[in-house]
Amino acid sequence: MAERAALEELVRLQGEHVRGLKQQKASAEQIEEEVAKLLKLKAQLGPDEGKQKFVLKTPKGTRDYSPRQMAVREKVFDVIISCFKRHGAEVIDTPVFELKETLTGKYGEDSKLIYDLKDQGGELLSLRYDLTVPFARYLAMNKLTNIKRYHIAKVYRRDNPAMTRGRYREFYQCDFDIAGQFDPMIPDAECLKIVCEILSSLQIGDFLVKVNDRRILDGMFAVCGVPDSKFRTICSSVDKLDKVPWEEVKNEMVEEKGLAPEVADRIGNYVQQHGEVSLVEQLLQDPKLSQSKQALEGLGDLNLLFEYLTLFGIADKISFNLSLARGLDYYTGVIYEAVLLQTPAQPGEEPLSVGSVAAGGRYDGLVGMFDPKGRKVPCVGLSIGVERIFSIVEQRLEALEEKVRTTETQVLVASAQKKLLEERLKLVAELWDAGIKAELLYKKNPKLLNQLQYCEEAGIPLVAIIGEQELKDGVIKLRSVASREEVDVRREDLVEEIKRRTSPSLCIC
């Protein structure tokens, strides 16, 4: 008993410590760490006799979303979907889990992050890791050779994510892809245009889109002396250059992956270069790189791509970056990644990247992997990193202490006197039937002050007030919550007046 009492006291003290940290607005990581300690102590206590205790938490790498957070998400999704539709995309959906063999061998070193499901019906299944591989399976299965589609859905990765930076084990992806045989670089340029349109519309800060081509990377590896068998694994190392310095990447290549130091140095001379179309032209003249047919094809296509990007008016947002590798195995051509930029501390310094918010590329061979006859369907696409965008928008709104409406209610039906519930119910039904977003308080005789306060708190712009005199006169008193002005409106004109006074809420993104 004494041991249990001591444990209960530790639980109480740790609980107070966690509450204190929350009041002090400590970092999310610190709070999460102390909550974990609290849960561990509670687990040691065990269940009370005759009473089952539950640990009330979401699984690691997941989260709940409050109405406020969902309102932000919906507005972000609206911006993204309207852009996809503006570019003529259709929408599809696929199952949240696929046959394990569908996903196996498509993600390189990241394959270890796939969630496998227990076999319960004779099929080996896995949760989808992204939306691209299921899309390729969908094309092959339905024998489609031409489609422009978008798909917004949750994907799953058995990662150790940093939730404070918008990384989770369960998260949304917003994908746009163009499948079909078209002239070079036109669909690729449109995908980059879409990325720029969405990031500009969301107003989340300055951004840069890095572009490269897997053919240039493979050609570069070949002329530098990388064995064919090590291309993909060295590609995965190069992809880390945006997060760690070259020396660490080189050390991984040499010490962990067995690459010769002089080969790593030759790679280093290339992958630390970045610039505009002039760098493409410079590399076309490079004596070593120009020996690779693959690299020349990639550089030629990038030259054409920059022409189209200039015509689309977005070339200033694009940087040719030889370190961009995109670790996924299925890319075959142009690859790109959009990063947000942080304002430099000193004038003249280059802006710093603070994280990827969109990525994509060309994958011409993926559909052929699923087609029984190996028929290829060229594809290019993009994925918007919405979870990171949600985090950025949420943080910005909190910093500004900006109020976010969580409902779209246009008007509250209220009464100024008692015994008018029936009239309120009749009026709110009329408004609903006319397509007006309306509410009423669930009380027989609510006080007018309480009804007006509810409107203030919920951000409802109008109140339709019924009183005995209004009923006699055949009018409704329409009150503006913001200005407190009141006007009598004939009942038959009320719907039109509400529509006139309420317009769609402005996007906060």
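Keep in mind that glycine also has a Cβ here, set from the backbone N, Cα and C atoms.
Other Cβ atoms within 10 Å of the Cβ of Thr132 (L-histidine binding site), summed over all protein chains shown, number 26. Under the heading L-histidine binding site, TrEMBL lists Asp130, Leu131, Thr132, Arg157, Gln173, Asp177, Arg326, Tyr330, Tyr331.
Beyond its flanks by at least six residues, the coiled coil (390-417) meets 67-73, 76, 164-166, 202, 204-205, 340, 423-424, 427-428, 431, 436-441, 445-446, 448, 451-452, 454-455, 458-468, 477-478, 498, 502, 505, 508-509 of its own chain at Cβ-Cβ distances under 8 Å. The feature coiled coil is assigned by TrEMBL to 390-417.
The feature domain 'WHEP-TRS' is assigned by TrEMBL to 3-59.
Annotation source TrEMBL lists domain 'Aminoacyl-transfer RNA synthetases class-II family profile' at 37-393.
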Are there any residues at least 6 positions away along the chain from Tyr331 (L-histidine binding site) with a Cβ closer than 8 Å to its Cβ? List them or say none.
Arg214, Gly361, Arg362, Tyr363
For the domain 'WHEP-TRS' (3-59), what is the mean per-residue pLDDT, to the nearest integer?
82
List of residues, in chain order, with Cβ under 8 A from that of Arg326 (L-histidine binding site) and at least 6 apart
Arg214, Asp239, Ile335, Glu337, Ala359, Gly361
Residues Asp130, Leu131, Thr132, Arg157, Gln173, Asp177, Arg326, Tyr330, Tyr331 binding L-histidine per the record - widest CA separation, whole Å
21
Just how many other Cβ atoms lie inside 10 Å of the Cβ on Asp130 (L-histidine binding site)?
19
As a test of the contact definition, list every same-chain residue at least 6 positions from Gln173 (L-histidine binding site) whose Cβ is closer than 8 Å to its Cβ.
Asp130, Leu131, His151, Ile152, Ala153, Lys154, Val155, Ser383, Ile384, Gly385, Val386
